[in-house]
Amino acid sequence: MTLTLRSSISFIIQKETRFLKSYEDVSATLTFAKIKPSFDLKAKSSLQVAHTFKSEVNINEKYEKVHAPSIVHSNHDDSKRVPVFVMLPLDTVTMGGNLNKPRAMNASLMALKSAGVEGVMVDVWWGLVEKDGPLKYNWEAYAELVQMVQMHGLKIQVVMSFHQCGGNVGDSCSVPLPPWVMEEISKNPDIVYTDRSGRRNPEYISLGCDSVPVLRGRTPLQVYADYMRSFRDRFGDYLGSVISEIQVGMGPCGELRYPSYPESNGTWKFPGIGEFQCYDKYMKASLAAVAEAIGKKEWGKGGPHDSGQYKQFPEDTGFFRKDGTWNSEYGQFFLGWYSGKLLEHGENILVSAKEIFQTSGVKLSGKIAGIHWHYRSRSHAAELTAGYYNTRHNDGYLPIAKMFANHDVVLNFTCMEMKDREQPDHANCSPEGLVHQVKTAARKARIELAGENALERYDAGGYAQVLSTSMSDSGSGLAAFTYLRMSKKLFEGDNWRHLVDFVRNMSEGGRRQRLPDSDSRGSDIYVGHIKKTKEHKQEAEAVVV
């Protein structure tokens with residue numbers, strides 16, 4: 001039986017809105033050649049769709065076997081195999097707590113499985129799961145998704161997303177923090193990050209109050225631990241098998257960093273240096289205490305006064321310029337404190353995560369942002385405001401890698417698809433240099449390194465760069481790669497062919513250089529308008545409506 005998947009799956013890519021909207025109406029047509037008898041596949045729920053499809057395939061196996069594309073059957077060195085995951089849409093679960101367009105999701109998972117993808121990644125939003133009140137969790141939509149993923153023989157990486165969605169690069173929808181948390185923020189605005197001008201950022205709770213009971217009698221660290229513990233209890237049967245990895249959110253966008261470059265309302269624009277986020281009362285109290293403890297009380301009155309504004313360049317400021325105060329005794333004190341608070345925050349969360357999931361068999365990972373602009377400058381200003389004390393004279397990523405190593409956590413890093421020559425000259429970028437530095441830090445710390453692309457890319461050049469980065473004879477390659485992101489555009493024509501080719505290359509240690517026009521060993525899988533290579537005389541259609 002030859003499987004042809006024709007899909008008009010449409011996942012919304014909408015502008016930032018207050019609430020999530022449902023997917024557009026979709027229909028996915030599954031066409032089977034040489035099947036006797038023909039049948040219609042109609043299901044009332046997403047799980048019935050998946051189950052019924054599998055049942056019908058089994059019934060008709062006596063006529064002809066289903067041939068998926070031949071992905072990994074060679075005798076290559078499996079130690080160099082890099083499994084590929086695909087991120088699901090940010091609005092996979094709606095604000096109402098339901099799985100968004102489950103039938104379209106089912107068809108998409110089927111296509112990804114046929115392409116040889118290892119699994120998918122999904123954000124499990126704090127703002128959705130604990131929306132109804134403290135300790136009131138609703139995991140049902142995610143349970144439905146996990147079961148669907150299992151039925152297709154895929155794995156899933158789950159992100160504990162303690163941040164809001166909306167206001168950053170690539171955010172196509174809005175998921176705020178839980179309403180009861182927003183109420184606490186309105187009563188005490190200092191529990192969120194604050195910049196020098198007093199601008200509050202509700203993306204994530206300030207790490208300054210990690211151990212203060214500001215969330216209705218619980219500390220933020222306790223809230224995160226309770227959330228992860230509830231997830232473990234609900235999904236215990238899937239951990240270590242279907243759920244292969246839990247990425248622990250530790251800041252904006254799930255990354256261990258400060259929200260130093262927020263795009264919302266035009267606050268920041270690439271390649272601006274961003275601003276330090278240390279002006280809520282909890283961060284200010286910490287800075288003052290540390291400064292007084294070393295006999296430098298005057299250093300504890302706030303962050304650098306001459307560090308500029310979000311959209312400026314390093315040389316526009318007294319602090320970040322080539323010979324600026326970033327490298328003075330005061331600068332080293334402040335940057336050490338600022339980055340140290342971030343490192344402490346990450347460690348506190350990972351200690352809880354390790355204790356909660358240590359017997360589950362699931363991998364833990366943490367994500368670091370790929371801040372590649374102004375990387376060629378001496379001060380690395382954009383990295384400094386984000387909390388990475390990385391300069392011409394100081395390695396900011398090795399301490400993070402070592403902290404991750406202490407808790408057996410995989411380091412997940414972005415911008416793997418970027419090349420230096422693709423970046424604007426005025427931004428002083430070096431994504432390749434940054435990736436090399438992080439790979440070196442991971443190797444020194446003896447931890448696994450996983451990767452993601454920072455921006456949506458569908459071209460062969462972007463995939464080729466990831467492939468080059470992922471393969472290494474020195475043991476510093478990637479343990480896994482997660483592609484950003486599944487959308488309608490991914491399943492179109494050459495975009496789909498490039499993905500399939502990329503997955504095969506990652507699976508076969510880079511041996512295959514291009515996807516042939518036809519695959520004589522497997523079946524043809526068409527999504528969108530990929531050109532047919534065979535004519536089917538007898539067809540029976542199963543339409544998901």
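Note that Cβ sites are derived from N, Cα and C of the backbone, with glycine treated the same way.
Per TrEMBL, the features are:
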| type | residues | note |
| --- | --- | --- |
| BINDING | Asp123, His163, Asp171, Lys367, His372, Thr414, Asn453, Ala454, Arg485 | substrate binding site |
| ACT_SITE | Glu255 | active site, proton donor |
| ACT_SITE | Glu452 | active site, proton acceptor |
By Cα-Cα distance, the member of recorded positions Asp123, Glu255, His372, Arg485 nearest Glu452 (active site, proton acceptor): Arg485
Residue pair Glu255 (active site, proton donor), Arg485 (substrate binding site) - Cα distance, angstrom, rounded: 17
Least buried by Cβ count (within 10 Å) of the binding-site residues His372, Arg485: Arg485
